[in-house]
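The feature compositional bias 'Basic residues' is assigned by TrEMBL to A:814-830. The feature domain 'Cation/H+ exchanger transmembrane' is assigned by TrEMBL to A:55-455. Residues annotated as region 'Disordered' in TrEMBL: A:814-854. As annotated by TrEMBL, signal peptide applies to A:1-21. Taken from TrEMBL, the feature transmembrane segment covers A:49-67, A:79-95, A:107-124, A:136-159, A:171-193, A:200-224, A:244-268, A:328-349, A:361-384, A:396-417, A:429-449.
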Amino acid sequence: MRPVSGVALLLGLMALPAALGQRSSESHKNSNESFAIVSFKWDHVKEPYIIALWILVASLAKIVFHLSHKVTRVVPESALLIVLGLFLGGIVWAADHLASFSLTPTVFFFYLLPPIVLDAGYFMPNRLFFGNLGSILLYAVIGTVWNAATTGLSLYGVYLTGIMGELKSGLLDFLLFGSLIAAVDPVAVLAVFEEVHVNEVLFIIVFGESLLNDAVTVVLYNVFDSFVAIGEANVTGIECLKGIVSFFVVSLGGTLVGIIFAFLLSLVSRFTKHVRIIEPGFVFIISYLSYLTAEMLSLSAILAITFCGICCQKYVKANISEQSSTTVRYTMKMLASGAETIIFMFLGISAVDPEIWTWNTAFILLTLVFISVYRVIGVVIQTWILNRYRTVQLEIIDQVVMSYGGLRGAVAFALVALLDEKKVKERKLFVSTTIIVVFFTVIFQGLTIKPLVQWLKVKKTEHREPKLNEKLHGRAFDHILSAIEDISGQIGHHYLRDKWSNFDRKYLRKILMRRSAQKSRDQILNVFHELNLKDAISYVAEGERRGSLAFIRSPSTDNMVNVDFSTPLPSTVESSVSYLLREKAGPVCLDMQALEQRRKSIRDTEDTLAHHTLQQYLYKPRQEHKHLYSRHEIMHSEDDKQDKEIFHRTMRKRLESFKSTKLGINHSKKLNKIHKRDRGQKRVKILSQGPRCKLIQISNEVAFFSFPLDLEFSESEENNDYETLHLGKGVDFLANVTKQNFTDAPAGKNIYYLQRFFSPLKYNKIFKSENSQEENTLLMFEGLEDSYMKEPQEKKMLLDIEGNYRSAAARRVQSRRSFHRPKPLHHPKLQKLASLPASCHVPPHSLEQEETQL
Amino acid sequence: MGSRASTLLRDEEIEEIKKETGFSHSQITRLYSRFTSLDKGENGTLSREDFQRIPELAINPLGDRIINAFFPEGEDQVNFRGFMRTLAHFRPIEDNEKSKDQNGPEPLNSRSNKLHFAFRLYDLDKDDKISRDELLQVLRMMVGVNISDEQLGSIADRTIQEADQDGDSAISFAEFVKVLEKVDVEQKMSIRFLH
């Protein structure tokens with residue numbers, strides 16, 4: 001029903017311009033005679049209007065497709081769009097027998113392709129990309145050349161036998177055709193791979209290959225195109241040599257242009273602090289300029305914009321504000337997704353034009369056969385070579401997916417549409433063949449790749465219900481393995497990476513990043529840092545909720561974490577098996593094997609339940625759970641949540657084990673007291689807002705107090721052990737939170753009790769420097785209880801405070817009143833923290849929700 | 001890359017490690033440079049803090065247990081030898097090793113040693129049994145937070161039931177090996193160390 005209503009709507013839209021067109025010409029005649037208050041000017045708006053309408057149609061179509069999940073799960077969206085395009089094209093053609101709309105190379109290369117490629121570059125998982133760069137380059141360069149050459153030559157060979165009949169083409173034409181049909185298309189591949197869910201290495205290899213090989217294709221295409229132009233007879237060795245040289249110049253030049261523009265973009269984004277509104281615009285404009293510049297210099301524009309995105313992402317993301325970054329993310333996704341939709345739809349529409357069709361069964365069929373066969377052969381040979389050098393092997397199933405995932409797409413079509421009929425006599429045949437190839441690969445292979453993967457996966461494993469033990473311990477093995485990999489530093493080229501990150505830290509960051517952003521480190525550390533902040537807040541919040549922080553300090557005897565209070569409400573639904581089954585049947589479940597086996601085995605309910613629960617809730621090992629890139633989704637991934645959970649636990653555990661070992665055994669050097677007042681010119685930043693970062697302090701006995709949390713971060717840049725310091729920083733925060741933090745505000749004197757937990761190095765450094773600069777600011781305490789004994793006066797005062805602020809509400813009010821003095825916020829993450837709603841006052845589960853927004 | 005590392009590592013030391021662990025010369029020097037880069041204190045040993053600084057380990061649910069596995073009983077420093085000995089558990093079993101080492105001492109990367117490594121992660125009190133409590137702790141680490149204690153408890157019970165043969169409500173190492181006999185431990189617990 002729904003498609004029908006959609007079609008009706010579309011028909012209406014189609015008819016509209018025609019009807020309007022007629023009316024407008026009438027109104028034009030009339031308007032000559034007298035001044036019209038309102039005139040109807042269809043011609044005036046015709047072009048943008050039609051474009052807007054098409055975009056609207058495509059977008060509406062997407063809505064319609066997604067109304068039914070059953071359809072989109074089986075049929076890839078790209079295939080649906082092509083069919084829709086065919087259908088619409090048919091209607092338009094039936095209406096006026098004119099194929100007025102088609103995907104022109106200009107539109108494609110100037111407006112539709114750049115956003116897609118930029119999106120891919122900007123959201124490229126860099127680490128993985130560069131980690132697999134060798135493999136990607138091999139597939140992209142050698143693989144494409146191989147495909148082009150073999151397809152072209154084989155077709156020519158077959159042509160010589162005469163099966164195809166008489167064609168007005170020479171060897172060069174065939175090679176030209178081979179080169180344009182050789183490249184795997186990033187648009188089509190991504191569209192399908194996103195739905196198949198393959199492992200990250202495979203994904204990045206195919207994705208990277210499809211991005212980079214476009215450049216190779218375009219170069220090959222240009223070379224052969226010019227060869228065809230100068231004629232077969234005139235192609236000499238020198239010309240061939242020139243072709244090879246031009247390949248390197250074009251690709252490396254394109255990359256260079258991209259990098260230069262990325263540099264520019266990063267630099268500009270450093271200074272946009274006061275023009276936040278147009279900040280996102282720079283990202284798009286400068287990247288687009290890189291594309292156009294490369295095009296102007298006849299270098300590879302695709303490579304230029306890809307590398308512009310890849311190189312700038314780190315700096316831009318650090319420089320621009322959180323809101324701008326969100327804007328960029330969404331806009332980019334919107335543009336890319338929209339462009340993709342339009343491309344596929346117009347591929348369909350373009351096919352409806354009898355003008356372009358010429359049928360040659362042998363040629364078309366053989367092309368299909370050759371591209372598939374040579375793709376398989378190419379993949380197998382290259383993988384065989386690569387596997388000798390790779391740490392992570394590409395297995396048979398990966399090779400099948402890679403071979404089968406070699407979809408051709410709009411790039412091939414746009415290139416073939418660019419051909420000049422005068423030079424290439426068989427242009428029509430090439431166009432028709434390309435369209436058939438594109439349709440076949442996108443629709444047929446797109447449809448079948450998912451079942452194929454499923455079938456292979458199921459096939460590969462024996463049909464046996466894994467025991468609970470096997471499942472559980474198996475997962476443990478995975479975790480162990482990934483930990484060992486991390487410890488032994490297995491992933492990738494460390495030497496080069498180290499060199500690069502050194503260079504990056506020493507020079508690039510200083511030039512390209514805001515001062516404030518320079519401090520936030522590698523992504524993972526950033527995540528760390530944020531997590532720490534949140535963890536800290538939730539401690540505080542939980543403390544407030546319970547009225548004490550005692551839960552932190554209760555040393556747990558077992559090694560287990562105690563209550564995880566970030567836990568949302570205990571799940572109420574999960575005990576229903578049907579719920580679990582339904583859950584598992586959703587697209588989230590990629591463990592086809594488990595599903596399959598589940599279906600086949602009949603077990604008692606409880607056991608099934610146990611299996612399901614495990615299946616669903618066992619943490620995934622690192623390799624599996626990373627979702628890399630999706631054109632259609634902005635990922636606040638499950639993974640993040642998982643990472644957070646685990647991180648929370650780990651930190652809590654470390655905190656506890658620290659406490660139980662160090663607190664119990666070694667009392668000295670535990671608590672440090674610093675007079676903040678006396679710090680003077682020290683480079684210690686105080687980051688605090690009274691009501692927000694309130695920390696409740698509990699003595700080990702009964703009393704609890706409320707004080708503003710004064711966080712401090714040493715920014716000592718002279719510290720040469722910067723790396724360590726930063727690494728420790730995230731952890732330190734936690735320590736900071738739990739440190740004994742007293743303020744005798746009335747007396748105007750703040751005393752810190754610093755407790756160092758994790759990073760002795762850092763604190764030692766701070767304390768050393770402070771010691772050297774001012775003596776006596778640092779007092780060591782044996783412990784909190786001891787501090788009471790030693791300073792009875794202070795104790796008395798603290799108890800006074802306790803008396804005053806016993807109730808939570810009173811505490812809050814009081815702290816607002818007395819501590820609400822504006823203090824500079826210097827740390828970017830803390831600024832973020834401060835921009836949260838007064839989070840300390842909400843129970844932890846609502847905090848949890850805020851985290852996702854961060 | 002390994003040049004600095006190899007100058008610090010004496011040849012005879014490398015030989016000994018080679019013999020003990022089966023790693024190749026280049027693997028040892030590579031891992032040594034990793035070792036030194038982890039060793040922030042620069043005293044030739046790694047402490048727990050050194051391990052804890054590896055960011056990825058903080059998001060590994062079993063991270064801290066695995067760190068602990070590097071440290072011999074009661075010690076809180078591990079030297080390069082010990083580091084390599086632990087890593088050697090994860091060396092893949094090569095074809096020529098399967099036949100060769102029948103009579104000699106069992107290599108560290110044998111199936112049984114791999115399993116024992118995993119078993120020790122569970123068995124905190126070192127009584128060669130995984131009790132219900134111990135299993136529950138690991139389970140709790142490995143599952144998301146949305147799972148209730150009762151559910152977890154019943155899973156633990158079932159897991160033990162499934163493996164338990166002598167009815168002591170705990171999993172001994174022999175039972176652990178037995179229940180995992182169909183699992184390709186050799187492959188699942190091996191990584192290809194870079195050369």
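Even glycines carry a Cβ here, placed using N, Cα and C.
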The transmembrane segment (A:107-124) vs the transmembrane segment (A:429-449): 3 or more CB pairs under 8 Å: no
Interface check, the transmembrane segment (A:136-159) with the transmembrane segment (A:396-417), three or more C-beta pairs under 8 A: no
Using a Cβ distance cut-off of under 8 Å, indicate which of A:171-193, A:200-224, A:396-417 has the most pairs with the transmembrane segment (A:361-384). A:396-417
Using a cut-off of under 8 Å between C-beta atoms, tell me which stretch among A:171-193, A:328-349, A:429-449 contacts the transmembrane segment (A:200-224) the most. A:171-193
For the transmembrane segment (A:396-417) and the transmembrane segment (A:49-67), check the count of CB pairs under 8 Å (sequence separation 6 or more) and say whether it reaches 3 or more. no
Contact set, same chain, for the transmembrane segment (A:328-349): CB under 8 Å, 6 or more residues outside the stretch: 54-55, 57-59, 61-62, 77-78, 81-89, 92, 101-103, 108, 111-113, 115-116, 118-120, 122-123, 187, 191, 280, 283-284, 316, 320, 409-410, 413, 435, 438-439, 442, 631-634
Cβ contacts under 8 Å made by the transmembrane segment (A:429-449) with residues that lie 6+ beyond its boundaries: 74-76, 78-79, 82-83, 167, 177, 180-181, 188, 191-192, 196, 344, 347, 350-351, 356-360, 363-364, 367-368, 371, 401, 404-410, 412-413, 416-417, 419
The transmembrane segment (A:171-193): which same-chain residues, six or more beyond its ends, come within Cβ distance under 8 Å? 76-78, 116-117, 120, 144-145, 147-153, 155-156, 159, 203, 206-207, 209-211, 213-214, 216-217, 220-221, 223-225, 227-228, 232, 235, 340, 343-344, 367, 371, 405-412, 415-416, 419, 424-426, 430, 433-434, 437-438, 441-442, 445-446, 449, 629, 631
